């Protein structure tokens, strides 16, 4: 691997506080010196821009799919698979995310990131050429596995090449990038779906992703770290593959149980009960294995003994689950109930995403000045709980003022509370624990999305079937769910349409009860976090770490 010249690397004069991590404290040799990775100059700017481009694609991929779903369900007659287009992605992402951080600590930053990014691009290609709903779901899972390495990789690279005093600014750039991708996703997805084909929602990742790959190959040349000098087999053993082998099927089982329960199989069926039992057994074995592994575990359980880490993890699980239910089902409501085109649906979604960016900027600015995250997290969860509860009151004839106002309220709340837990978590972590703690909170963000999307899909399917059977018995619910939501109006007669739309409205708005419950739970989770100031959090975290030892 090429070495980095003095212009690319800058060793600060000041010494980093604390002792280097030992094998017992994180697997790094005692000679490890993080300062050797710091960079400066134009090349750093170009590399950061390429990483932001990768982050943009990741955010775009999540947002764009929601707008394209109605056309994909129509193409494959797969309304019942709506939840899996999101769940498969997040299932794979959160299954790989815990071990992804370990991979980055043992192998080359550059080639590990490019490897994960290539997997994400492969998943996008599979989705673009999909010939069935099952193939699309597989493509989403492959993209999710690759996306897990993009999320953790960008944070890991920034932590290795930028001094701590400067990281906040670069993280703000990343947050703005995600906000822009969230806004542009529905618009780009709507335009591509309406003017070209839904397949271009996935093809678009390939040429843009190539730019990121070329820049990193050409300009990013990190030095070889001490861990990378160990034999490959030794490094592979340190990844805790047994932990990953136990956790992945456990997550798959609980998601399948939630997806199939009351839909493919009765809740009391042997299949569903068996899946829940299998999840419980594997998860208990996984916890036992993590305790046995100690500091070398894939998920360091000692961090879960800290009140703030538990609070931020639970809150992230709930708030991301709530938000992604809204992101997936509000476009459905616009396109089915309001007969909005994909492009118009994206425009209507701006009432959610623009306030989200504004709320994030306000919270970040005020936390920097005042030092405390807790007030903004609590305020955000309250606003989100109110907004998602109000979504459930939407009717077929609801006017613009209602769905715009509800989205604005929800957007501000999400902006206040989405990313601030990551900042709060760092006030309870010492320097050597920060990367592991952030990865843990990030895992719970995506795991929550998977769980709550699966629950929402179950609620949607069961409610739609019940409402159609009750009010429009001559319409076959199974047939209607298989034709795709955007084809509903053309499938039923004018006489049947009002009752069918009312059934869809009931089914979609029922999912918002799940979102509201998640937001309410996030409020209670946020309320027991410690009130640590970011201005004094580092010293407090170091004191707590020393106390545990």
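Backbone N, Cα and C atoms are what each Cβ position is placed from, and that goes for glycine too.
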Discussion item. Please identify the range among 16-36, 142-162 that TrEMBL labels transmembrane segment.
Written reply: 142-162
Worksheet, complete the sentence: Note: vs the transmembrane segment (44-70), the recorded stretch with the largest number of Cβ pairs under 8 Å from 142-162, 309-330, 438-460 is 142-162
Fill in: Averaged pLDDT score, the domain 'Major facilitator superfamily (MFS) profile' (47-534)
83
Worksheet item: Same chain, outside the transmembrane segment (309-330) by at least 6, Cβ under 8 Å from its Cβ: which residues?
Response: 62-63, 66, 69, 82-83, 86, 90, 303, 349, 352, 377, 380-381, 384, 388, 391, 403, 407, 410, 414, 417-418, 421-422, 424-425, 428-429, 437, 440-442, 444-449, 451-453, 456, 460, 508, 511-512, 514-516, 518-519, 521-522, 525-526, 528-530
Worksheet, complete the sentence: Same-chain residues at least 6 beyond the ends of the transmembrane segment (200-221) with CB under 8 Å of its CB atoms are 1-4, 8, 43, 46-47, 49-51, 53-54, 56-57, 60-61, 64-65, 67-68, 110, 113-114, 117-118, 120-121, 124-125, 127-128, 139, 188-189, 192-193
